[in-house]
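Structure first, commentary second.
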Amino acid sequence: MTYGITCRAMASVLVVEDDPVIRTALIEVLSAHGHVVHSAAAGFEALREITARPPDVVVLDLGLPDLDGTDVLRMMRGISRVPVVVATARDDDAEVVKLLNAGADDYLVKPFSGEQLAARIGAVLRRTAPPSAALPSPASDAAGGLPGGLPGGPAAGGAAARTVRVGDLVVDPPARTARLAGRELRLTRREFDLLAYLAAHADQVVSRRRILADVWRQPYVEDQTIDVHLSALRRKLGERASQPRYLHTVRGIGIKLVAPR
């Protein structure tokens, strides 16, 4: 069977499927539709892939060898808002409702055609607004508009996001770049969002709860999720939690970004 290129723009798709035959078939179908496809055969591998190389959409099987797909979806929602299309043999109505309520954007029951999967992915991408390139702004809820720190939210007083300098660290929200002593940092999308948010609140202690609401946009995310991203940022900033320079943890309160002294 041949497939025409139906997508207007190439998308990055992560296929999470433990069956090598099915995984290969899905990769071939989606590649034929013009997508760039990466794959993972297990849940933890998928979570690492999402963190290291954020995709535009995920195709998720539920019967994975290390984690149930429902748990993988819950953990995905803790670190990303990437659209997820669940593709599985489970067809129980209660299961479908549970997955959709847990954050799945669409659901396909095996067996299904490659054309149907490609069409569902296209529909999900059309429904889902692309991530804003704007800085998570420091505007507060009281200022009106979106909560402070939400990507695309207006800055306080309606001012546009601007470059922030903290010591030798320079964060440029419009360009989504960060430089340390003139050297550009290679950050994932979520790492940049977190760093930009902390930079917008430099010298202020920001609670984890506020970070979850403003950066992750989710009220319930495991503390370990924030810790993983903070650890990655510290490594890229050349520091350790035991000897912080920029990122300081205030026990029981939150995190603050300060210039080294």
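Including glycine, each Cβ sits where the backbone N, Cα and C put it.
If you check TrEMBL, you get these features:
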DOMAIN    12-125  domain 'Response regulatory'
MOD_RES   ASP61  4-aspartylphosphate
REGION    132-151  region 'Disordered'
COMPBIAS  132-144  compositional bias 'Low complexity'
DOMAIN    161-259  domain 'OmpR/PhoB-type'
DNA_BIND  161-259  DNA-binding region
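Across the residues of the DNA-binding region (161-259), the predicted structure has a mean pLDDT of 87. For the residue listed as '4-aspartylphosphate', the same-chain residues lying six or more positions away in sequence with a CB closer than 8 A to its CB are VAL16, GLU17, ASP18, ASP19, ILE22, GLY69, VAL86, ALA87, THR88.
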